[in-house]
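**Student:** Residues annotated as [4Fe-4S] cluster binding site in Swiss-Prot: CYS313, CYS316, CYS347, GLU354.
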Amino acid sequence: MQAVERPVQTTDSLVDTTIHRRKTRAVKVGNVTIGSDYPVVVQSMINEDTLDIEGSVAAIRRLHEIGCEIVRVTVPSMAHARSLAQIKAKLAETYQAVPIVADVHHNGMKIALEVAKHVDKVRINPGLYVFEQASGDRTGYTEAEFAAIGEKIRETLEPLVVSLRDQGKAMRIGVNHGSLAERMLFTYGDTPEGMVESALEFIRICQSLDFHNLIISMKASRVPVMLAAYRLMAKRMDELGMDYPLHLGVTEAGDGEYGRIKSTAGIGTLLAEGIGDTIRVSLTEAPEKEIPVCYSILQALGLRKTMVEYVACPSCGRTLFNLEEVLHKVREATNHLTGLDIAVMGCIVNGPGEMADADYGYVGKTPGVISLYRGREEIRKVPEAQGVEELINLIKADGRWVDPPQ
């Protein structure tokens, strides 16, 4: 394969506000397509034991209904693998088809082969797929030993690859920084290089079997490691002429505000660089709470628009009304108008200029009076008490209002 040319940074590229995504192939996962010609896809994972058919179906449906486009389930045993057939059938019968990914770990060759019959994508971890017996007194691997284990991996992986290839299904090669195989640790260290080489070993096996429905992930719990691993993976794939999509995530990000910030620091940084085709925010919370974070990251970067974009200034001494309270009222009245940009600005000093890209603006004019804008044009001045109502009337007059869902 020929190397993929990466654009050289120039002055023009430094001031370019468009995110140029790394060119990747289209990989279908059920009825969803992942790749650079498609929107960045949002994923999550249910907490339920997949032996609980009803509970798993309900959990998958809950996630899908709030925007999770691909749902992953854990498959630790053959019994769990077989239950996926019932879960898929029950979803189709009572709801609709949802793309399902099976997560296979720990010497899971037979499990992966069984579950491949029932799901749309199988995720394997190169560090755990073939068990390597750790040796306490080992100090390294010879080339022959390294190659011998590589051949064992090929023998074990080939039936799964052939099954997925022949069914037109997908595989995620999901490397985790915390579970690199022993020989990778001895050879490359606990490094992004070791993560990349671990993925490349599996990719090459798949390519040799003419299987290319691959998605790659390089997850770590520390953001700097995760960033380095994905950047290096993208660089190496480009050099090798590989165009496989990347699944982004910071594993074990934690919960609350910091978990969200940590995930955004990793995922958002790479997306801004054009790296990444599907994302999962991993929080130690209910899976449903991951989905809004994903869509907020994508909206903030302009990669997907699934909600109203609110522009609002911080409060300062010039603010002519209670900005926080008014923003809350405006948001409450308009947050269903997906696709609009609405600005709420406290005064006319910076307001009109900083909200110029918004569709509509609500700007403090004088004490007790606000101005309503359509784009850069001031439409009317109204008493503050009528501001939100008149903003709605303006949107209605322009034919851009829809009633909120009941």
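Just so you know, glycine gets a Cβ as well, placed from its N, Cα and C.
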**Student:** Per DSSP, CYS347 ([4Fe-4S] cluster binding site) is which: helix, strand or coil?
**Tutor:** coil
**Student:** Determine which residues of the same chain, besides CYS313, CYS316, CYS347, GLU354, have their CB within 8 A of the center of the CB atoms at the recorded [4Fe-4S] cluster site, and list them by sequence.
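**Tutor:** Apart from the listed residues, the neighbours are PRO314, ARG318, THR319, MET345, GLY346, VAL349, ASN350, GLY351.
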**Student:** Could you find out if DSSP has GLU354 ([4Fe-4S] cluster binding site) as helix, strand or coil?
**Tutor:** helix
**Student:** Select the most exposed residue of CYS313, CYS316, CYS347, where exposure means the fewest other Cβ atoms within 10 Å, treating these as the binding-site residues.
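**Tutor:** Comparing Cβ neighbours within 10 Å for the binding-site residues CYS313, CYS316, CYS347, CYS316 has the fewest.
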**Student:** Looking at Cβ-Cβ distances, which residues of the chain lie under 8 angstroms from GLU354 ([4Fe-4S] cluster binding site) while being 6 or more apart from it?
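**Tutor:** In sequence order, VAL311, CYS313, ALA343, MET345 meet the Cβ cut-off.
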